[in-house]
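As structure tokens, the structure follows; a few thoughts come after it.
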Amino acid sequence: MRFIFPTIAVLLEASMIVLFGFFVKYETEQNAIQQPNSTNSTKVDRSLELYPLFQDVHVMIFVGFGFLMTFLKKYGFSSVGINLLIAALGLQWGTFVQGMVHRHGQTIYIGIKNMINADFSTATVLISFGAVLGKISPTQMLIMTIIEITVFAGNEYVVGEIFQASDIGASMTIHAFGAYFGLAVAGVLYRTGLRKGHEKEESEYHSDLFAMIGTLFLWMFWPSFNSAIAETAEEQYLAIINTYLSLVACVLTAYAMSSLVGHRGKLDMVHIQNATLAGGVAVGTCADMKIHPYGSLIIGSIAGMVSVLGFRFLTPCLTAKLRIHDTCGVHNLHGLPGVVGGLSSIVAILLGVSTASSMTMQAAALGSSIGSAIAGGLITGLILRFIVRGQPSKDNFFDDSVYWEVPKEKELDNV
């Protein structure tokens with residue numbers, strides 16, 4: 001940790017400096033080249049109109065995702081701290097890789113929209129991080145960030161440019177992709193003994209309360225996430241309204257289902273922290289379609305129920321039968337709702353509410369996102385396990401003290 005992690009971190013940042021030096025310029029420089037006799041103020045003003053949406057998405061990345069993972073009582077430092085680390089790397093690498101893919105190797109002109117797209121690419125890694133939370137080293141996470149964003153950019157290009165599929169809120173390309181990539185990595189890195197649980201894989205009253213803060217930030221800003229890259233004002237309007245309605249419906253069904261499957265009808269905080277967000281994930285693909293307000297409510301309701309049922313029945317099955325330990329339950333918050341989102345878009349096109357794509361291309365996009373995620377995740381897992389290595393021992397899983405200076409229990413009691 002003392003030498004390997006700092007060396008890799010510094011080398012990666014040095015690489016970013018070199019790459020940005022050769023390939024990245026300000027968007028205003030492109031405007032000056034294309035229209036040398038005109039002022040750039042108009043285009044800059046239009047770009048700055050996206051800044052509030054960028055900030056909303058930024059809050060989701062750093063505060064929402066970070067605090068959502070603080071439910072583990074002895075892993076809060078890593079949940080928020082490593083989230084910041086990989087997000088900082090992911091934003092730089094995402095800007096470069098996506099720029100290279102879409103500009104076909106030419107100069108990248110960075111603007112607010114590029115920064116939003118970089119946030120999106122980083123979100124995939126943070127989703128995957130939830131599947132391996134507590135079982136992976138910071139060094140391994142840096143390498144995983146580089147590989148995953150590269151695979152993500154390739155799949156996003158295939159879905160958007162080749163298949164011409166509609167996925168404005170990225171239910172398929174971000175949520176489903178990130179979840180199944182993370183599950184594939186978790187499967188390769190699986191350690192025997194996790195099937196029966198780990199003594200440190202527990203929450204406490206205050207850690208669950210911190211995680212709920214992350215939930216609330218994500219819930220409030222999800223309409224911005226789904227509408228940030230809308231091409232027209234009408235599409236943005238539809239995305240905001242549809243996401244809002246799906247989220248509120250999701251909350252009701254998530255609470256109801258949690259009580260139904262819970263012990264003595266009690267609510268489970270794990271369900272509430274996660275399943276209440278599933279509506280935002282599920283409606284993402286068809287958020288800019290005229291699916292009618294009741295359609296958004298239906299999608300959100302289904303997502304809330306599917307997510308809770310996944311936590312209650314599917315997660316234990318994945319661990320016991322398939323040897324895939326999903327720490328945060330990303331399969332239930334992002335994976336299954338992401339699939340619901342892809343299927344919802346197919347149904348929407350079938351019913352004639354959208355002509356943005358075809359059912360075949362939407363199905364192909366869903367298959368490509370899941371397939372590339374699993375393949376990329378398996379390869380990444382093998383690289384992390386046998387080449388990068390450094391995974392903590394099973395006894396040190398879910399423990400901040402392995403990588404952080406942690407106050408002793410007596411010091412905490414005196415505070």
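Using the three backbone atoms N, Cα and C, a Cβ is placed for every residue, glycine included.
Some features that Swiss-Prot has for this protein:
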CARBOHYD  ASN37  N-linked glycosylation site
CARBOHYD  ASN40  N-linked glycosylation site
TOPO_DOM  24-51  topological domain 'Extracellular'
TOPO_DOM  73-76  topological domain 'Cytoplasmic'
TOPO_DOM  98-115  topological domain 'Extracellular'
TOPO_DOM  137-142  topological domain 'Cytoplasmic'
TOPO_DOM  164-167  topological domain 'Extracellular'
TOPO_DOM  189-208  topological domain 'Cytoplasmic'
TOPO_DOM  230-236  topological domain 'Extracellular'
TOPO_DOM  258-268  topological domain 'Cytoplasmic'
TOPO_DOM  312-332  topological domain 'Cytoplasmic'
TOPO_DOM  354-363  topological domain 'Extracellular'
TOPO_DOM  385-415  topological domain 'Cytoplasmic'
TRANSMEM  3-23  transmembrane segment
TRANSMEM  52-72  transmembrane segment
TRANSMEM  77-97  transmembrane segment
TRANSMEM  116-136  transmembrane segment
TRANSMEM  143-163  transmembrane segment
TRANSMEM  168-188  transmembrane segment
TRANSMEM  209-229  transmembrane segment
TRANSMEM  237-257  transmembrane segment
TRANSMEM  269-287  transmembrane segment
TRANSMEM  291-311  transmembrane segment
TRANSMEM  333-353  transmembrane segment
TRANSMEM  364-384  transmembrane segment
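Of the Cβ pairs linking the transmembrane segment (168-188) with the transmembrane segment (333-353) and spaced 6 or more residues apart, 3 or more are under 8 Å, so the two regions touch.
The stretch from 52-72, 237-257, 333-353, 364-384 with the most CB pairs below 8 A to the transmembrane segment (269-287) is 237-257. A Cβ distance under 8 Å defines the sequence-distant neighbours of the topological domain 'Cytoplasmic' (73-76), meaning residues of its chain 6+ beyond its ends; these are 133-134, 200, 202-204, 207, 210, 398-401. The largest share of C-beta pairs under 8 angstroms with the transmembrane segment (333-353) comes from 291-311, of the ranges 77-97, 116-136, 209-229, 291-311, 364-384. Where the transmembrane segment (3-23) meets the stretches 52-72, 77-97, 209-229, 291-311, 364-384, the count of C-beta pairs under 8 angstroms peaks at 77-97.
Long-range neighbours of the transmembrane segment (116-136) within the same chain, counting only residues 6 or more positions beyond its ends whose Cβ lies under 8 Å from a Cβ of the stretch, are 50, 53-54, 57-58, 60-61, 65, 68-69, 72, 75, 78-79, 82-83, 86-87, 90-95, 97-98, 144-145, 148-149, 152-153, 156, 170, 174-175, 177-179, 181-183, 185-186, 189, 191, 200-201, 228-229, 325-331, 333-334, 377, 384, 391-392, 397-399. Of the recorded ranges 52-72, 77-97, 291-311, the transmembrane segment (209-229) has the largest number of C-beta contacts under 8 angstroms with 52-72.
Proximity of distant same-chain residues to the transmembrane segment (364-384), defined by a Cβ-Cβ separation under 8 Å and at least 6 residues beyond the stretch ends, is recorded for 128, 136, 140, 143-144, 147-148, 151, 154-155, 158-159, 163, 165, 167, 172-173, 176-189, 338-339, 342-343, 391. For the topological domain 'Extracellular' (354-363), residue counts in helix, strand and coil come to 5 helix, 0 strand, 5 coil, using DSSP. Within its own chain, the topological domain 'Extracellular' (98-115) has Cβ neighbours under 8 Å at 23-27, 29-30, 47-48, 50-51, 54, 91, 121, 153-154, 156-157, 229, counting only residues six or more beyond its boundaries.
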